[in-house]
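Peer 1: Got a structure here, written out as structure tokens. Questions coming.
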Amino acid sequence: MGIGAFQAYAKRWIAGARRGFALGPPQPSRLVLWVPVALGAGSAVYFALAAEPPTGLGTGCAVAAVAAVLAAGVMRRRAWPVFGLILFAAACAGFAIAQARTHALAPPQIASDDRARGVEGWIERVRRSGGRDRLILRVEALEGAETPPKRVRVRANLGEFRPGDRIGLRAVLSPPPPPAAPGGYDPARAAWFDRIALTGYAITRPEALPETGEDRWARRWVAWRWSLAERIAETAGPRTGGVAAALLTGERAGVAPEDAEALRKSGLGHILAISGLHMALLAGAVYFAALLALASIERFARAHDPRKPAAAIALMAAAGYLALSGAAVSTQRAFIMAAVVLVGVMLERRAFSLRSLAIAAVVVLVIAPESVVEPGFQMSFSAAAALIAVYEIWRDRRRSDRTPPGLVGRVRGAFLGIAATSLIAGAATGVIAAFHFQRVAAYGFLANLAAMPVFTFWVMPSGVAALALAPLGLEAPALTVMDYGLRVVLGVAHRAAETPGAAAAAAAPPGFVLAAYGLGFVVFVIGRGAARPVGAVAAALALGLWTVQPAPNLMVSDDGVVVGRFAGGAGWSATDLRRGRFETGVFLQRAGAGEIRPGRAPVVCDSLGCVGETAEGAVIAVTESHEALAEDCARARIVVFRGEATAWRRRRCAAILLDDAARAELGGSEIWIRDGEVIRLDSALRAQGRRPWAAGADRLWATG
């Protein structure tokens, strides 16, 4: 083949590939879809860094973003360079916005001491866990702090107090704890963006403080929300009242623990968090009710398009629902998505489209860039994107079939639509849920298929009616109807949760697996032509990588508890069953063991300590004696010393020595062992990195 023929062949091949992958000149409509992807990628890079970058880097990114946009304006006739410059600008903007928001939320420094502190403020929210109350206080005064932080979280007995009440108490407070395991949920980061500077427990009973004019309207609003939630719970009945109040007001304190657990295990836990589904159902119900009412006014319907005022009414109802539910981050995200759709109706734009979803994602990522690493954001937008993408494929195919369906066809189509919605949304969110929570609801599809039609067409419409009638005091009939529907939903949840094998465990994969899966998923949803199957293959390969990643064999908690599989033992066991129970549970869940109770490790103990061997052949020693330390360092592969070893001993120890100082520096550690040798050790504090929310005593507690 000559050079000329080869060049001609190459040109034909490239042209064919461009047609197959739809790589013609990029259209502005497709560019809009990729902007939130680049914006989120920039924010994700910021949050993934091991150390806080200098503020100048964020400023430089902002300048680079502006420069890229200006360059794109100059090169506007060259499609692909403009496409690349806009995405580069979005990524830089995402990084800069994430850093700017993180620094803007920094709490004031507080002098360090070990004594309890007096706290004065008002109760903003109440959360219940394990039968205990956790009060979120809006702080007005904190002993030892010239400028008090915005919020603190305190374990205390609520007693006769209610949200909105001003109280004072004494509490032992400290910075929020780090992750219990490397790569796990980070309470410190979550608290940072919730503006909760300190957490702890009360050592005195709360005392009432006199009323003041400060935050009067905010306190009245949360008090009214709490009283409405109590009224709903009492009217709906003891069986479902707590769930009804959670759905309508966002107050989940009254949900029975057994119901919450059943919903979680059955894959129906998403109904408790007010999110896109709830906002869509409420806004949709109000929209269609208003549309029917306006269309029935013949003179108005002839002169105006009733869809526009109906959308405006639905938008106001959605805003009211946002305020009523407490405006949590997930609810704000849902409101933005609903608002984009409703504004699209008012502007005569197609509402249910990837473009609308992309605009909503951009708004969310600009307002709260930290959402990009949160499961709620990832699951909400992945489910919505998958549903819209499949709907567009179905719509395009349906256009070729002009035969109108009969009654049976319509019923069958409605049932198949519900089933397809459950299957698609479950598939889109299941991987993300398994990544973050290491749990798969085995019967989630069946439970959603059985419960969601009831929830969608029975529970939420009656709940919307109850909210509309509540100001008149006439909500009781609607709540009674809602109660019967919720009984069906909870019955399905308990039946699915109690079925053997309802909750399957999955080991936590490394972060790059989720990134690779997310990239493949995005290409599948946004891409055109042959790009979609390529995206699907990439996502499948990412899942394949997940299955071959080895799980950790051993965990050493920050207080010296060792958990693993030991030679001569049956399954997972721990050296101490009293200490470190929370960390043990987190490790076992991340290792793919699920929610089990470990046994006592089969180790040999004497007055100086304990020695055991893991199933992989590594000798582990746990001791509190300096006398035994030298011998343990010589014969063991890992030594856990409950004390602080001397610098000389640390240098001379042939084993991996995890004394108090090392564990304080590392936090909880996960260890991989092969043929008796340690091949990898990950620690919680190193994985958390040197970030503002992880600074703890180094940043938050200034030396007084």
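Backbone N, Cα and C define each Cβ position, glycine as well.
Keep in mind that TrEMBL annotations are predicted by a computer and have not been checked by a curator.
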Peer 1: Any idea which of 375-394, 535-554 is down as transmembrane segment in TrEMBL?
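Peer 2: So the range that TrEMBL calls transmembrane segment is 375-394.
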Peer 1: Looking at 309-331, 470-492, which one is transmembrane segment according to TrEMBL?
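Peer 2: Of 309-331, 470-492, TrEMBL gives transmembrane segment for 309-331.
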Peer 1: Pull the DSSP breakdown for the domain 'DUF4131' (59-202) and write it out as helix, strand, coil residue counts.
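Peer 2: Secondary-structure breakdown of the domain 'DUF4131' (59-202): 49 helix, 47 strand, 48 coil.
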Peer 1: I need to check the long-range neighbours of the transmembrane segment (375-394): which residues 6 or more away from its ends have a CB within less than 8 Å of a CB in the stretch?
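Peer 2: For the transmembrane segment (375-394), the far contacts come to 270, 273, 275-276, 329-330, 333-334, 337, 352-354, 357, 361, 364, 420-421, 424-425, 427-429, 432-433, 436-437, 518, 521, 524-525.
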Peer 1: Are there three or more C-beta pairs under 8 angstroms joining the transmembrane segment (56-74) and the transmembrane segment (80-98), sequence spacing 6 or more?
Peer 2: yes
Peer 1: Hey, which bits of the same chain come close to the transmembrane segment (31-49), Cβ under 8 Å, at least six residues off its ends?
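Peer 2: Those are 61, 83, 86-88, 90-99, 102, 354-355, 358-359, 361-362, 365-366, 369-370, 372-373, 511, 515, 522, 526, 689, 691, in sequence order.
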Peer 1: What residues elsewhere in the chain lie close to the transmembrane segment (271-297), defined as a C-beta under 8 angstroms and at least 6 residues from its ends?
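Peer 2: Cβ under 8 Å, 6 or more out: 243, 246-247, 250, 252, 255, 260, 263, 306-307, 309-311, 313-315, 317-318, 321-322, 325, 328, 330-331, 333-335, 337-338, 341-342, 345, 376, 380, 383-384, 455-456, 460-461, 463-464, 489.
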